[in-house]
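Positions annotated as domain 'Amidohydrolase-related' by TrEMBL: 69-403. What TrEMBL records for GLU150, HIS240 is Zn(2+) binding site.
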Amino acid sequence: MKCLKWYDDEVVDLGESLVRFINCQLLVDDIFVEQDLWVHNGRVIESFDVFYEEKVDADYCIDCEHLLLAPSFIDLQVKGSSDINLSSDDGDIIEKLRLISRRLLKYGVTSFCPTIMSSSPSFYQKILKEYNRYCASDENAAAILGFHMEGPFISSIKRGCHKRENVLDEFTNGYESIERVYGKHTDDIRMITLAPELPNALEVIKELSERNILVSLGYSNATVTVAHKAVRMGARGITHIFNAMKTFHDDDMGVAGLLMGPRRSSIYYGLIADGFNCEPAAVKTAYRLCPRGLMLVTNEAAASYPEGGTVSSTDECDPREKEINLRMTPVSGFVPMVESVRSLVRYSGCDCAYALSCASLHPAKFLGIDTVKGSLKPGCDADFLLLSDELNIVATFIDGRRVYKY
């Protein structure tokens, strides 16, 4: 057995070796425990079976120097990165995805959903067609879990900064409207954000759910009654809660009211815990109402404007959206996932173990991939982070290989 430190160069490629990570605080079921992590062929394996029953020792022993070891992050809402806007028709979409996939590693994100804002049918179909050329041959890159189509079937009055000309405020031909916009080949679409109050939306939600495409409610002026109907039809998520939706009010709580309803145990909701998109008090409220469904998202987009453009006096964003966008300039940048984790702890009073699960296990459960992602139970991919006690990322691992070092 060869002993190494987590930062040694050799840790970047351990092949198909049996590897034991020691001296770490391992995140298991929302608590940190002093426990070794065993990895073989890129998967977490049961330590008891290997060490005690098979009596096999590891090929490599990696000393983590008492750092926290937690599942890496899953981000359901990535619209771009720095100079890259996924919703703009400039440049090669494949090259954009490759660049973003590599950049995300320093932020601890090893799996994500590229997110496309309201666009023309030709643009959606072009992206999905070109994506067929994408080959995840780069081992040092975040995995793409499928596209998140944020629009165009959203409310024209709650569209945020989606371009008015791209918004479709009805499903004129029921589910056929979906195929007219995205095309008939929707295998690479993992989730769709839509407004449930649009004409024929409920039947479309039912059809999408039957086709295993996740429906998330957002950019919506729906009442809580309509939102409950959408959940009964199969909707399972809420897109960045409290943003671009009917105001949470005592006479009607809108989509956000689902967190107080009888079906809240089946709902997952994205939350941008940056203090701007979602005020600290709102973060705490969401956490108290529905802790099991909270999913942290970054909504990362091209620099200077979270929705991928440039803020000016002629922009159509409502004042609240514009205020948020002006604060998030290239100087301040987007809020990385790990900072959202720290903010959730600070705003809600939850512990850091739970907050880390909101960026890993919870989105994995929403996507239905928690048997392979978002956890470090035996059989899961060995995608994980090493963090300091202050929740600073010091290293990112994919399949047990170090792909980023601070």
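Keep in mind that glycine also has a Cβ here, set from the backbone N, Cα and C atoms.
Over all protein chains present, the Cβ of HIS240 (Zn(2+) binding site) has 24 other Cβ atoms lying within 10 Å. Within the model, the domain 'Amidohydrolase-related' (69-403) shows a mean pLDDT value of 89, rounded to a whole number. GLU150 (Zn(2+) binding site) has a Cβ environment of 29 other Cβ atoms inside 10 Å.
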